[in-house]
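Listed features, source TrEMBL:
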type	residues	note
REPEAT	12-50	repeat 'HEAT'
REPEAT	89-127	repeat 'HEAT'
DOMAIN	89-270	domain 'Phosphatase 2A Regulatory Subunit A helical'
REPEAT	166-204	repeat 'HEAT'
REPEAT	205-243	repeat 'HEAT'
REPEAT	244-282	repeat 'HEAT'
REPEAT	283-320	repeat 'HEAT'
REPEAT	326-364	repeat 'HEAT'
REPEAT	365-403	repeat 'HEAT'
REPEAT	404-442	repeat 'HEAT'
REPEAT	482-520	repeat 'HEAT'
REPEAT	521-559	repeat 'HEAT'
Amino acid sequence: MAGADGDDSLYPIAVLIDELRNEDVQLRLNSIKKLSTIALALGVERTRTELLPFLTDTIYDEDEVLLALAEQLGNFTMLVGGPEYVHCLLPPLESLATVEETVVRDKAVESLRKISQEHSPVDLEVHFEPLVKRLASGDWFTSRTSACGLFSVCYPRVSSTVKAEIRQHFRTLCSDDTPMVRRAAASKLGEFAKVLELEYVKTDIIPLFTALASDEQDSVRLLAVEACVSIATLLPQEDLETLVMPTLRQAAEDKSWRVRYMVADKFSELQKAVGPEITKNDLVPAFQNLLKDCEAEVRAAAANKVKEFCENLPEDNREQIIMSHILPCVKELVSDTNQHVKSALASVIMGLSTILGKDNTIEHLLPLFLTQLKDECPEVRLNIISNLDCVNEVIGIRQLSQSLLPAIVELAEDAKWRVRLAIIEYMPLLAGQLGVEFFDEKLNTLCMAWLIDHVYAIREAATSNLTKLVEKFGAEWAQNTIVPKVLGMANDPNYLHRMTTLFCINALSEACGQEITTKQMLPVVLKMSNDQVANVRFNVAKSLQKIGPVLGSNALQTEVKPVLEKLASDSDMDVKYFAQEAISVLDGNFSLQMVQPAFLLLQIFLRNVRSVETPDPVDEAYFVPSPDQTCRFFNVLQNSCQNQPLAEYIGKWGLPVVFFQLAFYPLLIHKDLVWLAAPEEMKVRMLWSVLTSEEHAEQNRIRLLTPALTLTAAGM
């Protein structure tokens, strides 16, 4: 390393050392992210003999830098010479596995686990297993916690003697004095059990599982519950009752709610692992207790598993167990005092209908659905409405309309406007669940009634609701069902309702498309420009501004612009202001429409420029240019001419001048384009200079332009 100044080949490592010692954390971080490049420059031998020792000796930095280093080293196998030399990566990763910051240790362990697969069985015993032992017997808890994640990856590939030592080290860590180490051991207990022989699962793992599940720290006990799932899948059915179930029963009644929460959260997995007989005898009573737990978090976790638990019950007595043991608890949870519990239940309760069948659903579940549909918590109502299709499949749309729809309609007409607002927000979702025919029959009238509600927030939400319905059912449905009713409100004697017509047109124009907007909506808007109420007239101006981009250029010029000019001379100041603003904005749209040929040209240029080696990278944003970017592009082109005639400037390239005339003529005759800031312009100038640079062969430029020539000719 010392000779770096006199040897040019050492320059990359010298740069790395300088940046690693820089006070700027970002520079140090960048240098670490370039490690693979540096290693390639040095070669495998010097990477092993110089770079890795340097990294090992200098591991003392910000956590962000160490995290990047730990991640990089996990991908270094080929850079040190392949699997034969992968053990060279162990010293720096071992150091990183002992640091105080948890995320750095975890990333170092992840990289160690990754490169362990690259070790041969011999190298694993010679190099990797001693590292695990050193970490497991380290003075600081940080190294011992890291060791817990490494036992399972080396155990299957070592000799019987080494396996016995590994099992002993793991037993020692499971009874470590430090809770953090016991936590780490408990979190890896299930993973370690999966690689052990069955006899050692019974003799070694079960005692450790029992001890950890009885630990004084609840954070250790809850992790033991997670391991229980893996252990139960490994044992024969006859051993589960004696080896696992006593500990599991104890965990389900643990004094700490966090442990009980973990049992509830893992209940479906535990149910599958222990089988139907133990489920019927032990887990059903335990699940009932969890549904009635004194802590809301536990009840919510259990409620979330109701459907899954019921699905996994033995088929021969599933219905009887649900009706006798589970449903009474569910009925209590429907009126629980905690909204999170009710919300969790509402997200799954509809799924019980497919399990219990039509008769039980109508008799027992529908009353619960109705109760939750009227719940004060919006999330509960949303979860019920979101899953109506489950019930629809079982009881049919007619039965559903007779039972739940009246409740929905009742809420939609509630005296409290916030309740009505909540139902409006769910209406698109409900429409998707029930289908267009049922919606038109039962709910369409309701949606239209909201448009003339006396509360503005309801009218506004109803307008937004119509847009979502059109997006769901299509423009043809809107043309036949919604648009005629909306346009009919233009003649309403209440000016607020006439204004709602304009708001609806603003919202629907884009979803309905140009044809419907031009033929059906635009005439109504233009007619309303003569309204006696000034508020309606200035909203006409705003509507014309809004729907302008949807309309064709002919409609803009011949129909919209004359009306706006008339409104611009209105006696009311507000009408005049909004009309002038609309003219200004739409004038910009007129200009942009003339830019379209040049826009096409630029788009083709930029999508093809990747195939030419450019001296500088092209900004990604310019690969899909907007019309405004096209305007800036043309401005740069004009400036590049340096007062030469455009035709003469283009002629130097040997390209047809008519092509550029076709593309840019509309711009040449329209001078009031607004150019954006210089920094953006400079980006375009750079791109243009690349395309016209002498560094590129003439045929390259012609190849880039050929697609544009073809398209422009086709457009003639």
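Backbone N, Cα and C atoms are what each Cβ position is placed from, and that goes for glycine too.
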For the repeat 'HEAT' (404-442), mean pLDDT (0 to 100): 77
Positions whose Cβ lies under 8 angstroms from the repeat 'HEAT' (365-403), at least six residues beyond its ends: 330-331, 334-335, 339, 342-343, 345-347, 349-354, 356-358, 411, 422, 426, 429-430, 433-435, 438, 442
Helix-strand-coil residue split for the repeat 'HEAT' (244-282), DSSP-based: 32 helix, 0 strand, 7 coil
Tertiary contacts of the repeat 'HEAT' (205-243) (same chain, 6+ residues out, Cβ under 8 Å): 170-171, 174-175, 179, 182-183, 185-187, 189-194, 196, 198, 250-251, 254, 256, 258-259, 261-263, 266, 269-270, 273-275, 277-278
Other parts of the chain folded back onto the repeat 'HEAT' (482-520), taken as Cβ under 8 Å at six or more residues beyond its ends: 448, 451-452, 459-460, 463-464, 466-467, 469-471, 475, 527-528, 531, 533, 535-536, 539-540, 542-543, 546-547, 550-552, 555
Secondary structure content, the repeat 'HEAT' (482-520) (per DSSP, counts of residues): 35 helix, 0 strand, 4 coil
